[in-house]
Structure formats: structure tokens, C-alpha cells
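TrEMBL has this to say about the protein:
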TRANSMEM  B:15-39  transmembrane segment
DOMAIN    B:84-297  domain 'ABC transmembrane type-1'
TRANSMEM  B:88-109  transmembrane segment
TRANSMEM  B:121-141  transmembrane segment
TRANSMEM  B:169-193  transmembrane segment
TRANSMEM  B:214-239  transmembrane segment
TRANSMEM  B:245-265  transmembrane segment
TRANSMEM  B:277-300  transmembrane segment
Amino acid sequence: MKSTTMLLGCALFAVSLGIGNAQAQTTLRMTWYSDGNEGEVMSDLLRRFEGQNKDIKIVLDQVPFKAINENLPVQLAAGQGPDLARVADLGGVARYMLDLRPHLKDPAYFETNFGPFLEWMRVPGETTSIPGFMTQLTLTGPFVNKTLFEQANVPMPGPKATWEEWAKAAKDVAAKVQAPFPIAIDRSGHRFFSLAITQGAKLFNEKGEPAIVDEGFKRGAQIVFDWHKNGVMSKELWGSVAGTAYRGANDEFKNAQVVMYESGSWQIGQFDKTIGDAFDWVAVPTPCGPANCSGMPGGAALVAIKTTQHPKEVARLMEYLASEQVAAEFYDRSLFVPGHMGIAKKGLEYKSASPQGKAALKVFNEGVSQLSPVANKLQGYVHNRVIFNAVISRLGQAIAGEASLDEAYQRIESDVQQQIAERTKQ
Amino acid sequence: MTGLQRLIGERRMPYVFLLPNLVFFGLFVFVPIAINFVYSVTGGPALFPSERPYVAADQYSYLFDCGSYVDPNTCREDHFWRGVYNTLFFSLFQVLAMVGLSLLTAVVLNMKIRGRGFFRAVYFFPVLLSPVVVALIWKWILQRDGLLNAAITGFGGDRILFLTEPGWAMFWAIFVSVWAHMGFYTLILLAGLQAIPSDIYEAAEMDATPRWRVFWRLTLPLLWPNLIVVIVLSLIRAVQTFDEVFVLTGGGPGTSTLMVVQYIYETAFSNQVQNFGLAAAASVVLGIVLFALTLAQLAFTQRKSS
């Protein structure tokens, strides 16, 4: 009886210890979206972090990209957001981000390695906050189905080829191999502007205010419009939906229906994994226009959210994930262009990538040096989504035959003006 | 309960039983309507009404700022007006097709045909499906490499991009909506047909009245109350259409199948530049239209009962 009582006492003590531990543990929620395998990689890294930090537990909520852009901002505005989130519309949600400086051991490390990109995460006029770090730097650029070129016996244009040269070659190939999409461009503002900026679009006036429609912009819009008329592009992307809806051609490219697909570096992981050796694909430098051969930069950042009850724990997690070794592993395994200056300088091996995946990453890494200042300025502009939305929506209407290009230009200007006025209303 | 009745009196007891329902109704219907109205007279990007600046009727003025209401291109918020006209077009043809086909099907299913039970189930089955599932099924059928194009090219025809041509896209939006909901309205009309006393038909038969005359002079007038319900319900539903068309066509090509509810949804939530004030104002306008339709239904129903 006595030994039973002692045993029961020990068990109760052990259970109470367990409860004590559980109570001391802080739970952080991280909202995350994935283009490829980065969710798995992040999950691995978080388990490792939890192993080293028994007092922190992280719940990784994996959601679609659409939820990050549409639902998360409403959650954040309602004060119901997670502790951390991976976001792409950096300027749009900047006002909900937490400045981690008071909680970071070494804020200078973040400034040194993520400095140029931190500006994208700050509200206008604010120059010092550190809300997080870039989980990837993205760059728009084309992927080409090399096998289709070989089957059609058409030579691939060289590295400095123009958009027009690519369009001609892609159309020849498509005609010979019966591919339905000579060129596909994601229905996205970033992708359109990668073309428009090569045509000389300046986008901002001397005061730094948006002045979207200029001669360069018109040249870019005319090219996309004409390509839909002459069959270089199919209406199934830009002409098929209303408003600002995003449409990609990933599946069509993976099914070898697209000769040249203007998308971006984030696709490499999934193409590498899903296309395998079904056909040869390559990334090529952004085609050139009269002004330059620049792509559009972009990216996603993991940021701390202002409403978190655990800023210190969030900062500890952020320091771990942004540390050079961990970040390098993340970029390397996810096949991402690094958004960390130190790692970018040293370069990555991309051990898990196939030879064509590695080659594609090399092309995109080199593309970073080709970026036009206009492209960087547009990416850093806090209302860039307003511009992207107006352009997609109105150009889409022109392509569908509902409006002329001139009408679309007028609407783009007035939409941008009205939406910025609404967004800045206090 | 007897104690409560003694306390408040018998006459007040019905309100006690109504109270729980009224509380829920008020909380989930009237309060949101009031909040929506508050949003419609405020502006800016903030979520909480207390943080939003009062802008009076600015949102309504913006919506109704048109050179000519018959030409959306002359309107400042042309997408709203395109949505209005698309919804009107969609509602008109969808309701006509819905009522016509439901009536035809109900009449046929009311006859003594073989496999009547099976056909009744078949026509009702799509009603059980989620609108998203319905739209995805039809999207697979209608897309470039879909079932329909496979059949067309199989017979030597040219592939048709049904969802990128404005005319075809609207046709299929109406078709799919009718296909998905027809079973419900057929059921209402079938119930109406079965409620018509058979002795009337027997009398007509004894008088050797032609069948078309029986239908026109007997069936249709006696079915009229059910037809009114079907017309009004399908009209309200057509005006509210969103999910099926949104998944099937995304409102495109261009804005050719953009409906008012999709406009409201995109303006408020999907634009990344959320404009709650404008979306709320458009919701109020839509609410007024739906309220008018509901009043019309009530008026018809009351006329019938009197």
C-alpha cells in the first residue's frame, strides 16, 4: 500500500513537471505559402529550431498564395493575424509588420545582408525598421522548351535577342510542332512590366509620382496586344478572366504546350521536380528591348506581425532562420535565388538541383545584375499593386476586344489615381 | 413556463418564443446590413468602421457617375456597370430558359412514362452538387482539351475556345446555371402539377378538348401560383449569381461574364487593394434591387391568396 502511494506520488510529480514544461512553452503561428518544396524545407528547419529551443513551438499554417494576398491582409487589419507570415505584397502589408530591432541581438547583420530589400518592407517615410528577411529574391524571366526547338529544327535566339526575335522563333516552332502556345506570359503585373521596362517604360515622373503611360509603356502594351492578334499568345491567359485575376501557364509548360514561357525564378523548383527528363527546358536571359534587357525583381519575405504577443520569441526564430548557414540551406534546398547579400556573393551549389535546374538558377542569378533602376523602383514602390492591378485589368479588356488600347491607357491612369487616393484616405 | 406566463401575461408569450430567433436574425442579418451601410459612407483602407473617415455619399456618387447609363464606357466605375448589364442579360435569359425548361420537364415527368422515378432523380441530381463542383466539371468539359472539343475534333471539326469568346462564355454560363438548378424548380412545378385535381382533366377529355388547349387553358392557369414562385426565386438567384460563373469563366473574357456580386467580391477582397467602401455601396444598391424583387414576390403571393 505504501509503495503504491509512493508510486502514485512520483507519477503525479512527473505529470506536474510535464504540465509545468508545457505551460512554459510559447506557441508561434507562421502562415506560409509555397511555390515548390520550400514548405517542406521550412518545416525541417523549424523542427530543428524547436529541438534547440524547447520553450518554443511553431505551428506552420500552409496556405495557397491566393490566401496570402487576399485573406491575410483582412486578418491583419482585424488584428487576428499570425505571429509571422510569408508575404509577397511587401508594401501592401508593411503597416502590419513588427519592427524587430529592439528584440534582435544583432540588427546590423540584417542591415548588412538584407539592406536593399528591407526598404520594400517599410512604410513610406520610414527608413530603419527591420520586420524580417527575404525568403527568396525572385526575378522574372523566360523558360524555353528546348526540345520543341530541336524537333522543329529552329535555332534558339542568342542571349541578347529581342522580344520580337523570340516571338518569331517561338511562332515558327509552334507552327512546326503544333504547340498551341508559342509564347505564354503569366497574367501578372510583374511579368508585363518586365517586358514594358525593356521597351523604355519609366513609370515615375521627376517628383517620383506614378506616370504610368509613356512611350515605352505603350510599346510594351502594343507588343502584348499584337501578339494576341497574330497568334503568338493565346487569349486563354490574359483574355480569359476579368479584373486582376492571376493566371499562369505552369501546367501548359509542363505539358510541353508552350514554346517560351515568361514567368520567373520561383518556378525552377517545381519544373525541376515535375518535368524531370520528359523534355529539355532552359531558362534564358530576359529578351532585350530598345531600353535594356531587365527583368522585374520581386520576392517573398518572412515578416513578424505587429500583433504578436511574443516578439522576443519571434525575433529568436527570425535570427535563427536568417542566419547565414540556415538561410543558405533554405535557399539551396528550395532552389531559390538568395535574398541574402552575403550568400549571393559567395554563391550556392544547389546540390539537389538537376543540371538543367542549376543552369536555370545561374541564368537568373546573373539576371540580377541586369536589373534596371526603374524595375527596382517599381518593386519598392508602396502602391505598386495598384499599378499592377490596373494594368492587368485594363490590358486584359483590350485583349478581349472590349476596349481599344487608348481607352485602356486612360483607364489605367484614372484607376491608379483613384485607388491611390482611396488607399491614402485617412 | 406557466410562472412566466403569469408574470408577463398570455398576450406577450408569443414574443418570448420568437425572441431567440429574433436575436439571431437581428445579429446575423440586421446588424451586418447596418454595418454594411456604415462602410458605404466611409472611405480609406482601414478595416474597422471607427478608423474609417466619413465620406457621405461619395462612394454612391462614384458608382453613379456616368455620361450615359446605357453605355458603361462613359461611367467612372465602368466595371460596376458592366457587372449590372451582364447580370441583367444573364438574369433575363437564365430565368426564361430555367422556367421554360423546368416547366417542360415537369410536364413530361408528370406523364405516365417508363422510368419516371429514374428521370426525376436524374434531373434533381445536379441540385445536390456544390456550385464549385458543377463549374469545375463543366470547365473540364469546355476547356481547350476538354471533352466537348475532343468530340468536335473527333468528328473532324475545329477546336473552339468556348471560354475565351464572349458570346460562348455567356452562353455556357447560362447553360451551366440552368443545368445545375433546373431540378429544384422542376420539383416545385411537379408538385403544382400533381396538386391539380384529375377530374378537371377527365372533364376536358370527355369534352374532347385538344391537349394543347388543356395545357393552355387549364394546366397553365392552375399552375400559375407555382410558376410565380419559380420565376421570382430563380430571378433572385440569378441576380445573386456568383460562384458558378466565377469558377467557370472568372468573369471573362474581358469582363463579358463579370456579374455584380463578383464585382463586389473583387472590389472588397480580391483586389489586393481592398476598397470596402465602394464594395459596400454596390452591395447596398444590389440589396435594394433584391428587396424590390422580394416585395414583388410578396405582392404576387398575397394577390393569389386573396
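Glycine is treated like the rest: Cβ placed from N, Cα and C.
Keep in mind it's a predicted model, so treat the numbers as computed, not measured.
The transmembrane segment (B:169-193) and the transmembrane segment (B:277-300) are not in contact, since fewer than 3 Cβ pairs between them lie under 8 Å (pairs 6 or more apart in sequence).
Residues of the same chain lying 6 or more positions beyond the ends of the transmembrane segment (B:88-109) and with a Cβ under 8 Å from any Cβ of it are 116, 119-120, 123, 170, 173-175, 177-178, 181-182, 185-190, 192-193, 215, 219, 223, 227, 230-231, 234-235, 238-239, 241, 245, 257, 259. Taking every listed stretch (B:121-141, B:214-239, B:245-265, B:277-300) in turn, the largest tally of C-beta pairs under 8 A with the transmembrane segment (B:15-39) is reached by B:277-300.
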